[in-house]
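Visitor: Okay, so Swiss-Prot annotates it like this:
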BINDING   75-80, 109-113, 133-134, K146, K155  NAD(+) binding site
BINDING   E188, H245, H262  Zn(2+) binding site
Amino acid sequence: MNAARMNIKVSTPSRNYFVRIGKGLLQEGGSLARQLKLEKKIALLFDQAVETYATTLIDSLKAHDFEPQALAIPSGEGSKSFKTLETIVTALAEMKLDRKSTIIAVGGGVLGDVAGFAASIFLRGISYVLVPTTLLSMVDSSIGGKTGINLPQGKNLVGSFYQPLEVWIDPEVLATLSPRLISAGMAEIIKYGMISDQKLLDEIEKKEQSDLLYLIKRSVEIKAEVVGEDEREQTGRRAILNFGHTLGHALEAANGYKDLLHGEAVAIGMHASCLLSNRLLSFPDESTQRLKKILQLYSLPLKARGLSKKDVLEALQLDKKRERGTISWILLQKIGLPITSKDITKEDIDWILKEVLA
């Protein structure tokens, strides 16, 4: 296997599958589908913003005698809704798909989440392949089988654990991604460095000189390892992937899923978690400063602007990881050593919101 082609295995109790990484994979979609022995009729869902890439994949599938039927989904977090879910499953029924049929979803995390959820419930479950087109979805949401939609009250409150058949990552699609979206994706890569891998942080700090293919590969490896150990968040191991997400999700909900990108919210959440870790666990000041410098290096925010404390607190109370009225926070004892804490007091939360709400 040469450096341009990497296959990372994800092993879970419900399914083992490969994440395939390589430049030009979109043009090889037909061949990859043939290797998977997919049925001829394929539902190809794509984000309207990446129609060009969807067309490339459709052409490849047709060249290998598949019959892709395309459905465009509007871009944006608003598509993680019951309305979009209904649109998708209705279209699947009209396409006359059966239980051996497959969905291929081309787009970012929003499309992957709602397409995966549709796959999990249509005919009580059909297979799906994810083709992530944003950096964030490549390194995070496409791996691990979390699917779902949002409610007005909070993010990902309706969904399922349902693993894909495969994930195809073609880094060439990132060439058309805006710098802001690249930075948003980098937030999740930074997360992996903070919870697991100092060497990954070293590479991240090189910025323009960093090896993007390596950053993607290493992030996928870390997530695959964690998901393999705790697919359905039963043991607590998978919870470490929520570093920065407890507050991050609350900020997104309080913002109405509008101006703040997921990666930006996670960046603020990681900053907050480091400050709390310093306050409660003596997490080193220099490590907090290191995170701040990395976030600033990628133009990621440290504070949320224009949000009310009341709205953020209400959103925190709807956190889906809440148990018996208690919210779990992922804190760090040191870089690479995360812990789950349920001992965050109201005073701690009041303090941290003063620190990160501008």
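Each residue, glycine too, has its Cβ placed from N, Cα and C.
Quantities reported herein were computed from a predicted structural model and do not represent experimental measurements.
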Visitor: Quick check: which same-chain residues outside E188, H245, H262 lie with their CB within 8 A of the centre of the Zn(2+) site CB atoms?
Guide: L136, D140, A187, K191, G244, G248, G263, A265, V266, G269
Visitor: What's the most sparsely packed of the binding-site residues S75, S79, T134, counting other C-beta atoms within 10 A?
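Guide: Least crowded of the binding-site residues S75, S79, T134, by Cβ count within 10 Å, is S75.
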Visitor: Return one of helix, strand or coil for K155 (NAD(+) binding site), based on DSSP.
Guide: strand
Visitor: Which one is closest to E188 (Zn(2+) binding site) in space, judged by CA to CA distance, out of the binding-site residues G109, L111, D113, K155?
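Guide: For E188 (Zn(2+) binding site), the spatially nearest of the binding-site residues is G109.
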Visitor: If you count Cβ atoms within 10 Å of the Cβ of H245 (Zn(2+) binding site), leaving out that atom itself, what do you get?
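Guide: Other Cβ atoms found within 10 Å: 25.
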Visitor: Have a look at the binding-site residues (E77, D113, E188) and report the one with the fewest Cβ neighbours inside 10 Å.
Guide: E77
Visitor: Tell me whether G109 (NAD(+) binding site) sits in a helix, a strand or coil according to DSSP.
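Guide: Its secondary structure by DSSP: helix.
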Visitor: Just the number: how many Å between the Cα atoms of S79 (NAD(+) binding site) and H245 (Zn(2+) binding site)?
Guide: 20
Visitor: So how many other Cβ atoms are close to H262 (Zn(2+) binding site), meaning within 10 Å of its Cβ?
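Guide: Its Cβ has 27 other Cβ atoms within 10 Å.
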Visitor: Taking the Cβ of each of the binding-site residues and counting other Cβ atoms inside 10 Å, which one has the highest number: G109, L111, K155?
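Guide: Of the binding-site residues G109, L111, K155, the highest Cβ count within 10 Å belongs to L111.
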